[in-house]
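These come from Swiss-Prot:
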ACT_SITE  GLU96  active site, proton acceptor
ACT_SITE  CYS346  active site, S-methylcysteine intermediate
BINDING   CYS116, CYS120, CYS123  [4Fe-4S] cluster binding site
BINDING   GLY170, GLU171, SER202, SER224, LEU225, HIS226, ASN303  S-adenosyl-L-methionine binding site
DISULFID  CYS109-CYS346  disulfide bond
DOMAIN    102-341  domain 'Radical SAM core'
Amino acid sequence: MSAKPTKINLLNFNRAGLREYFSSIGEKPFRADQMMKWIYQAGVSDFDQMTNLNKALREKLKAQCEVKAPEIAYQQGASDGTIKFALRLEGGQEVETVWIPDEDRATLCVSSQVGCALECTFCSTAQQGFNRNLSVSEIIGQVWRVATTIGLSNDSAKRPITNVVMMGMGEPLLNLKNVVPAMDLMLDDLAFGLSKRRVTLSTSGVVPALDMLGDQIDVALAISLHAPDDKLRDEIVPINKKYPIQEFLAGVRRYLAKSNANQGKVTVEYVMLNGINDSTDQAHELAKVLADTPCKINLIPFNPYPGSPYSRSSNSRIDRFAKVLSSYGLMVVVRKTRGDDIDAACGQLVGDVVDRTKRMLKKQMKGDEISVKMEH
């Protein structure tokens with residue numbers, strides 16, 4: 001018995017790709033625009049409901065195509081309103097996505113890979129190793145699935161998602177070919193229509209890919225720094241051995257020079273590890289290292305996970321660290337932890353690739369006092 005033909009998942013196309021596909025099947029490109037409105041603005045995945053497409057086209061699409069996002073395996077709500085979604089992929093793997101509501105926004109923390117290859121020692125995701133990259137449909141499908149589950153609205157003030165942070169499982173710059181089209185859809189007015197300042201990509205420092213990113217799309221940038229010197233960063237963020245701090249920061253400055261989304265500043269993420277990177281001397285060193293890179297700094301209280309060798313810095317140590325940075329005129333925010341009672345806080349996202357006791361999620365990243373980030 002012959003295998004069932006694989007259907008084309010329309011979530012894998014950004015607007016340019018969808019127009020090209022419609023042209024290839026003999027349809028006018030404007031049909032792609034209509035399709036995008038149905039999928040992303042109306043949340044419709046059933047071609048029969050797309051009533052402004054003629055019946056012949058609907059039948060053709062049903063035979064050849066599908067609109068398929070990852071399914072919800074389970075979801076958990078936290079006491080602060082945060083919801084963690086475990087989404088099941090083709091092949092049975094799972095990734096976790098976190099929705100963080102706040103008074104004036106709702107942020108979604110999105111994964112780019114199953115697992116992560118970067119081996120950051122303080123991150124639970126890194127302990128599971130790397131499995132595979134997510135496809136465009138699996139990345140934008142996280143946004144679509146959560147948005148349609150929470151409830152789409154034509155009222156911009158009631159949007160289920162106002163901000164997206166690429167801070168979930170994985171290193172986004174190691175999956176650039178799928179992350180960029182997915183972010184295109186986040187920004188596209190026919191899809192989710194988010195401002196480029198409300199879509200943030202976080203990287204641990206894949207410098208060549210960062211240069212490529214700047215040539216392909218303009219979104220807000222956050223960097224996972226976590227150490228003020230190469231010796232320590234080599235230990236806790238091993239990609240630093242390939243792209244040391246000064247090389248990384250030079251790449252950041254090149255990106256900022258091309259970008260309007262960042263308003264001239266990068267967000268520097270720094271997880272506070274007790275007795276490791278949180279001394280006042282290290283704060284002085286960090287301020288000096290960042291002197292030539294316009295930035296705002298998010299200090300992230302470490303979120304422990306089972307088997308972690310680290311502990312969280314005390315509030316008093318974090319406050320002292322922040323005051324030293326502020327004395328240099330740097331903008332400093334101590335990130336507010338969200339969703340930690342459901343393992344949905346920064347550094348706790350793992351998914352289903354490994355033992356569930358290692359599960360990890362990430363936190364919130366915002367331009368003010370709240371942030372979501374899943375450490376790489």
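Glycine is no exception: its Cβ is also placed from the backbone N, Cα and C atoms.
Note that this is a predicted model, so its numbers are computed, not measured.
Sequence features annotated in Swiss-Prot and their locations in the structure.
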residue : record                               : Cβ neighbours (10 Å)
GLU96   : active site, proton acceptor         : 30
CYS116  : [4Fe-4S] cluster binding site        : 29
CYS120  : [4Fe-4S] cluster binding site        : 24
CYS123  : [4Fe-4S] cluster binding site        : 31
GLU171  : S-adenosyl-L-methionine binding site : 28
SER202  : S-adenosyl-L-methionine binding site : 26
SER224  : S-adenosyl-L-methionine binding site : 24
LEU225  : S-adenosyl-L-methionine binding site : 28
HIS226  : S-adenosyl-L-methionine binding site : 28
ASN303  : S-adenosyl-L-methionine binding site : 26
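All protein chains shown were included, and the count of other CB atoms within 10 Å of the CB of CYS109 (disulfide bond) stands at 35. Among the record's S-adenosyl-L-methionine binders, GLY170, GLU171, SER202, SER224, LEU225, HIS226, ASN303, no two C-alpha atoms are more than 19 Å apart, and one pair sits at exactly that spread.
You'll find the Cα of CYS120 ([4Fe-4S] cluster binding site) roughly 10 Å from the Cα of HIS226 (S-adenosyl-L-methionine binding site). A separation of roughly 6 Å, to the nearest angstrom, links the Cα atoms of GLU171 (S-adenosyl-L-methionine binding site) and CYS116 ([4Fe-4S] cluster binding site). With respect to their backbone Cα atoms, SER224 (S-adenosyl-L-methionine binding site) and CYS123 ([4Fe-4S] cluster binding site) stand 11 Å from each other. The CA atom of SER202 (S-adenosyl-L-methionine binding site) is located 14 Å away from the CA atom of CYS123 ([4Fe-4S] cluster binding site). A 10 Å cutoff on Cβ-Cβ distances gives GLY170 (S-adenosyl-L-methionine binding site) a total of 32 other Cβ atoms nearby, all chains included. With respect to their backbone Cα atoms, HIS226 (S-adenosyl-L-methionine binding site) and the residue listed as 'active site, proton acceptor' stand 23 Å from each other.
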